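Each remark here refers to the structure printed beneath this line.
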Amino acid sequence: MPTPRKPSARQQSPFEESPYPPIAEQFDNMEFSDMAPNFGGTRPQSLQTDVSDMDSIMKSPVMDTFEFETGPYASPGSSRVPSGPGLPSRPGPTKATNPYRQTTPKLSDAFERSIEYSEEPPDASRDPPHIQLHLPDNHTGHEGDTMKRHRWGTQRTKKGKPAGMARSKTLRWKRQTSQKPLSRRNSTDHVDEDESDDENDRKNELRTIYFNLPLPDDLLDPSTREPVATYPRNKVRTTKYTPLSFVPKNLAFQFKNVANVYFLILIVMGFFSIFGVPNPAVSAVPLIVIVVITAVKDAIEDSRRTLLDAEVNNTPTHILQGVENANTSDDNISAWRRFKKACTRGVVVTFRYFNGVFTKDGRVQRTRDKEEAARKDAPRKLFQRDSFDSYMSDDRRKSFQMADLSNPFTDSNAVNTILDPSLPLDTSVRFRKLYWKSVKVGDIVRIHNNDEIPADVAILATSDADGACYVETKNLDGETNLKVRQALKCGGRLQRAADCSRMKFWLESEGPHANLYSYQGNLKWERGEVSNEAITINNMLLRGCSLRNTKWAVGIVVFTGTDTKIVLNAGITPTKRSRITRELNVSVLLNFVLLFVICFVSGIVNGVYYARKNESRQFYEFGDIANGAAANGIVGCFVAVILYQSLVPISLYISIEIIKTAQAFFIYSDVLMYYARLDYPCTPKSWNISDDLGQIEYIFSDKTGTLTQNVMEYKKCTINGITYGRAYTEALAGMRKRQGIDVESEGARERELIRIDKDVMLEKLHAINRNPQLTEAKVTFVSSEYVDDLNGAKGGYQQKCNEHFMLTLALCHSVIAEPSKTDPDKLVYKAQSPDEAALVGTARDTGFTFLLRTKKGLVVNVQGEDKEYQILNTLEFNSTRKRMSAIVKIPSANPSEPPKALLICKGADSIIYSRLRKDNDQDLLERTALHLEEFATEGLRTLCIAQRELSWTEYEEWNRKHEIALAAITKREEKMEEVADSIERELILLGGTAIEDRLQDGVPDSIAILGQAGIKLWVLTGDKVETAINIGFSCNLLGNDMELLVIKTEGEDIARLVDGSQEPKMIVDALITKYLAKFQLQGSMEELVAAKGDHTPPNPNFGVVIDGDALKLALQGETQRKFLLLCKQCKAVLCCRVSPAQKAAVVKMVKETLDVMTLAIGDGSNDVAMIQAADVGVGIAGEEGRQAVMSSDYAIGQFRFLTRLILVHGRWSYKRLSEMVPCFFYKNVIFSIALFWYGIYNDFDGSYLFEYTYLMFYNLAFTSIPVVLMGIVDQDVSDVVSLLVPQLYKTGILRSEWTITKFWWYMGDGLYQSVISFYFPYLCFYKGFVGMDGLTRDHRFWMGMYVATIAAAACNIYILFHQYRWDWLLSLLVAVSILLVFGWTGVWTSFTSSQEFYNAASQVYGSASFWVCLFVGIMACILPRFAYDFAQKLYFPKDVDIVRECVARGDFAAYPLNYDPTDPDRVKISDYSRGKSMDAPRMSMSSDVSSMVTATVGGTDLNITRPNRSTMLSGYGSPSLFETYGEGFPEAEARTSLERTRRSMAEERGPMRRSMDRPRTSLEIPSVTTAVGLIKTLSNGRQVL
């Protein structure tokens, strides 16, 4: 490890000791008011001015929004004492000097202030009088003791919206109201040409909401005087059925099966005697059983959704009562609706009763409910507040705890608020606790901290002093970081519920649409003239979000129920049917065609027979049934339909339902998919699509909470050019694995060293300070070396560097500290970003604990001592700025001298490097850049920390611009950004941090295994591009040798790839076309048709990265076809910043265009749309919400369980059903066609060859058990082998197990065996014979016994031969099924009730001819198929046949039972065993699958590419110096310096870990951190400066 470097003579380090005496010693003698901005009676530059200066300021247009409380420009009614004739001004700064070379403040020594919590708070009156500016946007002005925030909390781009997003620039308001527009610009408003035509986009359906005002006549029905507009209820239903609609809707769904309709018709026909059905009632039993069992299954599936819906709709919320809501009519409940409500209540009560009586948990809950009811009935204490209202008077109570809210308005400014003081105050107005389903458009609702938002609400007021509130939007966009929302300025005076009675306003709103990042509206009120305030998405709380770190928020409901954005993005819960079930209808229709043919033939033959004369029937029959040959032929045709009805097997559907129910039970019972942490097993919610799990080709996954835990862990940092921290990340393990390293042994060794180092580190930290906030189990930054340097091991200089660095992390943030619910003595950090919480948490662990926020700034415990630091300004982070800054006051060592300010800036490494000063230490820059490159190589998220010291004059000048920008009416955001940008320059680099976004357990292994199975994984996330790419590398979805094809709509680097138009749509199309050329494609329709049949793995060297703005354009017109073809050629696809509707659109595009099976997996409400759009939807039961689970088909606890769900249960289900269905058709063809052969010899008169019970029991008992068991328990290979050889799954992707060709082969088998089954007995009976008792054996039922026994026995043996798994149980059941034929015949014929069949068993079974015929017939039936299967497995083996041979040989014997390669705690398999079982056998898996020629059992070959010399010298795969820039390039010298630094660092601490090749990108991606790129950014930034 190198020793700390002292700064050179020409370069002053940011950590150099100050030449001034310690400033901290003077804090005890300073007044508290000295901490305010008016230091020593000196005001900031913006406020120390004379009257002439004020005249010039007052003439400025921006000052129209200011209100002065003192001085000659004081507003009427101002109460503050004037400040006097003028404020003394300090002379301007002397000759400019470099403050960094004079002194660099050390935070822990220079601008800290110890505080005593026992003292009284300072008296604000000690501040000298000053001019108070009332600024718009809830800015508190320059009040001295209040920190100011520079907010862009939810801004997506500089324009406040996603670039290119279709939206109305302004609203085209209805002209029907009598109010005059504020300006003429409304008349020229237009809608963008690329406005979406989506059915959920009803933006132009404008609505006007009135509060405490009557509706205009044009919004009322002239006859009823009721509102014309109707809005949906806030009650949302995700279920498929209701108690009333269940029976008709379920029956309609079931009778979509052609076979069900067919059998219903046959049952009805059977009740007419003309068709000769012996017992029509009995024939109806099978269909009734099928319908009832299916209905019960569907009811159980839907019941959980019903209960979850009831829980959501009955969630309590607070709604304002006492002010009439004129926007909706009174809820007059009709008799029909009352009936429906009664039915629903009845179902709920019945369910709860049975649940409370028959389940243990239900009985416990009933006991709790009784205790709660008894407690509620207890006598109430005086003034005890109930759940709805308060008994306190208004004098003793504030309606929603707003007493401490500072009022930003004076009486003279009352016109700028919606509260009209001239209106009487109605004290009867109260907030009442009601339910979500009771919320209506126009209601005023109150939301408390941690409550979910019941509807889309426009914020009127919050508990925060500046009207801000924090929301968590995880259910909407998957992000758990908190976002800032702002209340409308006009509602700032709202303090009590009674104040709402003084509000009169109307809200003009755009119509509902699904865009989560766009909303436009206007709130208007009138007192003399119409006032207006615009409403944007930043002023909205959307349904599904949760209020965080805010006591309360009050707003007006704009959209309810199905109009809310979350529901518009979710869509309607679809009814899904598996692919085999859908294709089964085709097979059934083909059987219908066959049935029609044989029935048509039967009818014609029978009609011809009745047309012939001189037949015996004329002597023994008295006429005919239909009175005519033609009519008899028609009747004979329908008789044949009933006779051959089993050709379309009704029992097939009930068998499939039984099989799928059993498969769902097996999935639920699989302990290897049980998540113990949440006590959650894999839960099938749709039981009828398990076979679809075995055909998945595309998986669409969310990122946050699905692939990751969304837990950020601080792992490493670089301070003053020295790196600290030990970690073995998932990305590093994946990179090392691709290099051929045994990562299991290396990882175990590294983790053990980390554990030892952590113990040493904690021991040393405790020796420094017994930090009460330190939780050892939560420490993620492990570096005993850092603690040694904190104790001065490398000298006092590095010690101060480390202290200063951690203190900056504890000061520059927006974190809020709250007591832990489990341990009140511990603090929990709530942040807008989990990264920020990780940074502050690490500072806490190392002894710099952030404790609380004050009006002045922050309180930090520094190594056991509480100190307060004044934060003058906070410039917050957003996705456009990619940085955050805090300006801290540094008190002067000499009271007569002005203080200083220190700007601390943290942000993306490229952003910070572009803003550094020229005279930064070059060696420090290069070392830090190389460290950041190393961190990024290991998959860590990097940030840079820098600072800038400001003289007080510089700060005052900047603050004046800041306040003017904040007061701007137009282009406020742009001006604020410009002001912030001006000060966040000329920075001094301090160091960098590295944070790991923790993946869920086993995610990299799962993705790798799914990829080997031929499954393509696309990531659809609402998160940033940078974050998604980092996760892509961490989970091995992206490789270091992969070229990333970037699709975006703007950027300087686009010009070199795209020529011509700068229109975003043309840019996206041109980029896609250019990328397609890499694959020799043009995006034509012919190529798309060819792509549908191409299931080969995509090119592993390419990946696509696209953001939401570009994706919207890529999904339009012909560009969509090109985009799909491009993505199909790439191994990885990352869609970032996409909305829920865009996720669903991508899923539908792939599913419908390529005709493939898709699966979507997510954990939040933002994933519901794509979960419902996919063939199979999987929800992850996260710790923070179950929204995705409610709408999913399968619910799991972790992503890694998806591998087992698909590759094991899915493949088994598909393979079982693919074999069971054709076997079912085959066995029915044998029996039915045998009757047809018999009809040839009786002129198809409809007589039965078999005794009637044979017809009933053939499918019910004789042949049903083996084929059903095949569909339930058959296994070709075990679950362990299925996971170790995922290539076996490709047969499901190709859908080669169930095809029409296979169907016809099995039908042909059945046809052949029906010939054998009938004609072998026929030949025995051809001449007739007499038994030993002298009785003849030529009765048709006797012959039917021969035929039925041969058919049943041959069928069961045939099914046994097609089973992969033979065990004693299956063999026994096959034998029992065959013996049932003999048993039933013997029992039934022993009773006289069998009539003419009486005693047939003893006569037939006592005949030797029967046994000879039976044996020969079975052999003749089975032998051809047996010979074919034997030859196929011997000479043309399939992949599974070879793997089964390897299993039998013992190649997988080393793996224990229930081995799971995705389990991080799996048993370690020795290298010897792995070599024997996995790497040794190289098997030829040649089959009809062209894409799967060879494979390695349990793994893939390691293609290790040795890097060339230039790559090794360039670290993270960056090209060598002269290859990139050439010898004469001006920056060659800088790059040469970087290489020298790299070699120097390698000599100091050994070779740095690096990837073997860097990912190449077609366009710039900020997330790829390289040292060369950072140094280049530094150079470009200096050119800009």
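Cβ atoms are placed via backbone N, Cα and C, with glycine included.
As recorded in TrEMBL:
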BINDING   D702, T704, D1163, D1167  Mg(2+) binding site
BINDING   D702, K703, T704, E836, F877, K906, R941, T1021, G1022, D1023, R1137, K1143, N1166, D1167  ATP binding site
COMPBIAS  75-93  compositional bias 'Low complexity'
COMPBIAS  95-106  compositional bias 'Polar residues'
COMPBIAS  136-147  compositional bias 'Basic and acidic residues'
COMPBIAS  148-161  compositional bias 'Basic residues'
REGION    1-205  region 'Disordered'
REGION    1539-1559  region 'Disordered'
TRANSMEM  258-275  transmembrane segment
TRANSMEM  281-300  transmembrane segment
TRANSMEM  586-609  transmembrane segment
TRANSMEM  629-654  transmembrane segment
TRANSMEM  1221-1240  transmembrane segment
TRANSMEM  1252-1273  transmembrane segment
TRANSMEM  1303-1322  transmembrane segment
TRANSMEM  1342-1361  transmembrane segment
TRANSMEM  1368-1388  transmembrane segment
TRANSMEM  1408-1428  transmembrane segment
Top stretch by Cβ pairs under 8 Å to the transmembrane segment (1303-1322) (candidates 629-654, 1252-1273, 1408-1428) is 1408-1428
Can you tell me which of 586-609, 629-654, 1221-1240, 1252-1273, 1408-1428 gets the most C-beta pairs within less than 8 Å of the transmembrane segment (1342-1361)? 1408-1428
Among F877, R941, G1022, R1137, these being the binding-site residues, pick the one whose CA is nearest to that of D1167 (Mg(2+) binding site). G1022
Counting Cβ pairs under 8 Å that are 6 or more apart in sequence, does the total for the transmembrane segment (586-609) and the transmembrane segment (1368-1388) reach three or more? no
Fill in the CA-CA distance, R1137 (ATP binding site) to T704 (Mg(2+) binding site), as an integer in Å. 12
Residue from D702, T704, D1163 whose C-alpha is spatially nearest that of R941 (ATP binding site), among the binding-site residues: T704
Given F877 (ATP binding site) and T704 (Mg(2+) binding site), what distance in Å do their CA atoms have, once rounded to a whole number? 20
Checking 258-275, 281-300, 1221-1240, 1408-1428 against the transmembrane segment (629-654) for Cβ pairs under 8 Å, the most are found for 258-275
Distance between D1163 (Mg(2+) binding site) and G1022 (ATP binding site) at the Cα atoms, whole Å? 13
Stretch with greatest number of CB pairs under 8 Å, the transmembrane segment (281-300) reference, 258-275, 1221-1240, 1252-1273, 1368-1388 candidates: 258-275
Nearest-integer angstrom distance between the alpha carbons (Cα) of N1166 (ATP binding site) and D702 (Mg(2+) binding site): 9
Cβ atoms near D702 (Mg(2+) binding site) (within 10 Å, other residues, all chains): 29
Distance from G1022 (ATP binding site) back to D702 (Mg(2+) binding site), taken between C-alpha atoms, in Å: 8
Do you know offhand how many angstrom separate G1022 (ATP binding site) and T704 (Mg(2+) binding site) by C-alpha? 9
Within 10 angstroms of the C-beta of G1022 (ATP binding site), what count of other C-beta atoms is obtained when all protein chains are considered? 28
Taking 258-275, 1221-1240, 1368-1388 as candidates, which has the most Cβ pairs under 8 Å with the transmembrane segment (1252-1273)? 1368-1388
For a quick check of packing: other C-beta atoms within 10 Å of the C-beta of T704 (Mg(2+) binding site), how many? 28
With a 10 Å radius around each C-beta, find which of these binding-site residues (D1163, D1167) has the fewest other C-beta atoms nearby. D1163
So which residues does the transmembrane segment (258-275) touch in its own chain, when a touch means Cβ under 8 Å and the partner is 6 or more beyond its ends? 283-284, 286-287, 290-291, 585, 588-589, 592, 625-626, 635, 638-639, 641-642, 645, 648-650, 652-653
The number of other Cβ atoms within 10 Å of the Cβ of R941 (ATP binding site), counted over all protein chains shown, is 23
